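One structure below.
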Amino acid sequence: MTVSPYHTCRPPGNVSGVLFHNISSWKLEDIWILFFTAHEDSIIVQLQNGEVWELTSCQRFRRDDTSGLNYDYSGRKSSFPCVDGYVYDKSKWSSTVVTQWDLVCNREWLAKVIQPVFMVGVLLGAMVFGHLSDRIGRRFVLWSTSTGMFLFGLAAAFSFNYYSFMIARFLIAMSGSGYLVVVFVYVTEFIGMKSRTWACIQMHSFFAVGTMVVALTGYFVRTWWIYQIVLSTVTVPFVLCCWILPETPFWLLSEGRCEEAQKVVDTIAKWNRARSCKLSELLSLDLNGPVGKEPLEAKKHDLLDLFYDWNVGTRTLTIWLIWFTGCLGFYFFSLNSVNLGGNEYLNLFLMGAVEIPAYIFICLGMDSIGRRKVLVFSLISGALLCGVIMMIPKHYFIWTVVVTMAGKFAIGAAFGLIYLYTAELYPTMVRSLAVGSGSMVSRAGSIMAPFCVYLSDVWNFLPQLLVGILAFISGVLSLMLPETMGRPLATSWEEVAKQDTEKDSSGKSFPITNNTALEKIDVIDSGVSGLSE
């Protein structure tokens, strides 16, 4: 959408002849193919009134003395700004945001801030909607954010100027980020322990498929506003069908809405063709008593709750560093891969495709050796691969490409794992807030990723050194985190404290408190309840 094609100043009249090097033409648009080899040279054009102009990308000169259509001219020239606009190369892109509002030359910075502003919206959306979903529920936030992506996407496509486009894109970023954070929490709270790993991690695979769809859409649709409309319509089926989805029993129980939670559990049992269970018995509560009639007043939570005590605060800072490192490395490897050359759409498609085997790897590893070990392995591997890249001689570019893709695989695995791991490390009442804050910190990494690539101007391997150091430190600190494989989701700070005291346990014995109803259901024999499926 924001690519800047080759361009030159538009002449102040109708063109009768064009000269570029030794090639002449009647149309200015016919010479763009030559810009691949000599785009810094000026184009000589002759207007129908006989004036001869020299055109460059950001300036134009009129020959004051009589001259023919040639490069041999030593007379006086008058310089003029490009007040008549620009002529763009449309051989690859019919229209982009840059060509729509002439975001080139002295307005080029307006195009460069589009992506950083978008990432700021992603950052705020993760925090705002993560917090809202803990207060008003997962389902309503999912519906509102998906609706926002559709409506704001159409608004961006039909923007009447640059600033309205920027506002619409910012709101798209907030909606999309909020949706992504909450949907992970939603799935985590609905899937039993047996299938939670695959269900949550493979959601990243659909994210990767989405990346490939974006590449295919861009390949077939070369007009930016049509491209925006096509991608916006993807959310329509979910907007229309979201009302079918129930609220999560975990959130309902945390709000004291036990009767509604019981109905959801009964529905789950019905669809699984299993016998339901009574939450009142598991919780030792009387649904017909005060709790069932009047929901308990829920305590409002904020960011300070993620620093509940010293251990939780240390855990939060470690998780935030992993989020930041994962996102910085993920986008650094992606942005740097564009420099490999070739077709940009194919490169983007492959960047999405390489993530899928990474997610399969972490699913297999998480179910066999645990979350913590896979995370540490991925981060340390990413750090070592950054070091390997620094040792490869420059002319062995094929090996550089191979190791770079391996680095993307490792960092991508860590980045994919941290969503589920974060959700499992915190209790229900702050779970969305924890994932949202982690996503917010990670977006700071995505904002810094383009600037990280620019560090290669200082020293060619400075970006790899920075990412490698951060990945190594994150991997070492991850050793202090508890293992969550095979454990029920925590619903209170007491259960979180038990995670720290049982870091090295096998996870086969589960903490039992009067707040762990849904996870008690998870460990009930599947022949009785069927809910762990």
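Cβ atoms are placed via backbone N, Cα and C, with glycine included.
For 27-486, the entry in TrEMBL reads domain 'Major facilitator superfamily (MFS) profile'.
Among the features that TrEMBL reports, transmembrane segment is placed at 113-133 (among others).
Under the heading transmembrane segment, TrEMBL lists 140-160 (among others).
Annotated transmembrane segment per TrEMBL: 166-187 (among others), in sequence order.
Marked as transmembrane segment by TrEMBL: 199-219 (among others).
Per TrEMBL, the feature transmembrane segment maps to 317-333 (among others).
Taken from TrEMBL, the feature transmembrane segment covers 345-362 (among others).
Taken from TrEMBL, the feature transmembrane segment applies to 374-392 (among others). Within its own chain, the transmembrane segment (374-392) has Cβ neighbours under 8 Å at 322, 325, 329, 362, 365-366, 399-400, 403-404, 406-407, 410-411, 413-414, 417-418, 421, 461, 464-465, 467-469, 471-472, 474-475, 478-479, 481, counting only residues six or more beyond its boundaries.
As annotated by TrEMBL, transmembrane segment applies to 398-421 (among others). Nonlocal intrachain contacts for the transmembrane segment (398-421), taken as residues 6+ away from its ends with a CB within less than 8 angstroms of a stretch CB, comprise 184, 188, 196-197, 200-201, 204, 319, 322-323, 325-327, 329-330, 333-334, 336-337, 340, 351, 354-355, 357-359, 361-362, 366, 371-372, 374-375, 378-379, 381-382, 385-386, 388-389, 392, 435, 438, 442, 467, 471, 474, 481, 484.
Residues 115-116, 119-120, 122-124, 126-131, 133-134, 177-178, 180-181, 184-185, 301-303, 305-306, 316, 319-320, 323-332, 335-336, 415, 418-419, 422-423, 425-426, 462-463, 466-467 of the same chain lie 6 or more positions beyond the ends of the transmembrane segment (433-456) yet place their CB under 8 Å from a CB of it. As annotated by TrEMBL, transmembrane segment applies to 433-456 (among others).
As annotated by TrEMBL, transmembrane segment applies to 462-481 (among others). Same-chain neighbours of the transmembrane segment (462-481): 314-315, 318-319, 321-322, 324-326, 328-329, 332, 336, 372, 375-376, 378-380, 382-384, 386-387, 389-390, 411, 414, 421, 425, 452-453, 455-456, 503, counting only residues six or more beyond its ends whose CB sits under 8 Å from a CB of the stretch.
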>> Considering only Cβ pairs within less than 8 angstroms, which of the stretches 113-133, 140-160, 166-187, 345-362 has the most against the transmembrane segment (199-219)?
In response: 345-362
>> Under 8 Å for C-beta pairs, could you tell me which stretch among 113-133, 140-160, 345-362 has the largest tally with the transmembrane segment (166-187)?
In response: 113-133
> Taking a Cβ cut-off under 8 Å, which residues six or more beyond the ends of the transmembrane segment (345-362) line up next to it in the same chain?
Replying inline: 201-202, 204-205, 207-212, 214-216, 218-219, 334, 337-338, 374, 378, 405, 408-410, 412-413, 416-417
